[in-house]
Amino acid sequence: MMSQKAVVPPGGATGNRRMYPPPLASHQKIVNDPNLFRECLMNFHSVLGTKYTVPVIGGKDLDLHVLYVEVTKRGGFDKVVEEKRWREVSSIFNFSPTTTSASYALRKHYFALLHHFEQLYFFKQQGPLNGNSPGSMCFQAEGTIDGKFDCGYFVSIKMGSEVLNGVLYHPNQRAPSSSSKLATQSCNAIVPFNSPPPHHHSGRKNRRRKHGDPNRPKPNRSGYNFFFSQKHAALKSLYPHREREFTKMIGESWNNLSPEEKMVYQEIGEKDKERYQTELKEYKERMMASTSAS
């Protein structure tokens, strides 16, 4: 397990010398008029020279006006973060149940597109863009690698008193095993190195799998399975003689996660499910083609 510290400026590319432009309308007017809001927002990014695109979540364009109204109604970005109300905000949009990490995505897009806009129109901030606006100062973040898998790492980032769990991966890395089509796609399935499976199977089932088709795609795993593998690897290095207690310890850790933290792993599980369905479809097509040819 490795740890590294870094000083991170929020928003990344926000220049230190840029100034807040004069507002084109009042906060109340842009709240009441979606068209005026969009005009002011586009002008804001144009003046600052920052990129403005409408994000897509769940296959639909995100309504930035609704997002701005709902967040400022709750006191602004920093207050919503402090009070952990992003899940409440995301419920307004009625996203599909298959849309994972919606609250995280809203927070990310709001910070990138609306945070400084909010400072100008809602808080009436003036002067340098990185002045004394809430949340604009640089902060120190400490990152820890909790586990390793085929295409990257499970990581924890500590920023002040807040700890965020996430995944760093490199999807363009080629699989090390073979040059087959299935092997080149394996980086889409996140499988930890040397991590024991969360459940022990009977010998009879293992023997049946051993003599089955080795080309059949590996079944997908749930978000909890990935969480279990990550934590099991970490606990094994810390408490090598207490392995019988790991299942209970990991279950309690999972129950203590916030909905947003669980979504990180659930999103990984959804991606692995998509990987399995795609590979299974291709596998069945190859089997049918092989049967027809013979």
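In case you wondered, yes, glycine gets a Cβ from its N, Cα and C as well.
The DNA-binding region annotation in TrEMBL covers 217-284. In the predicted model, the DNA-binding region (217-284) has a mean pLDDT of 86.
The coiled coil feature in TrEMBL is assigned to 266-293.
Here TrEMBL flags 198-211 as compositional bias 'Basic residues'.
If you look up TrEMBL, you'll see 31-122 marked as domain 'ARID'. Per DSSP, the secondary structure of the domain 'ARID' (31-122) breaks down as 58 helix, 4 strand, 30 coil.
Per TrEMBL, the feature domain 'HMG box' maps to 217-284.
The feature region 'Disordered' is assigned by TrEMBL to 189-224.
Under DSSP, residues within the DNA-binding region (217-284) fall into helix, strand and coil as 55 helix, 0 strand, 13 coil.
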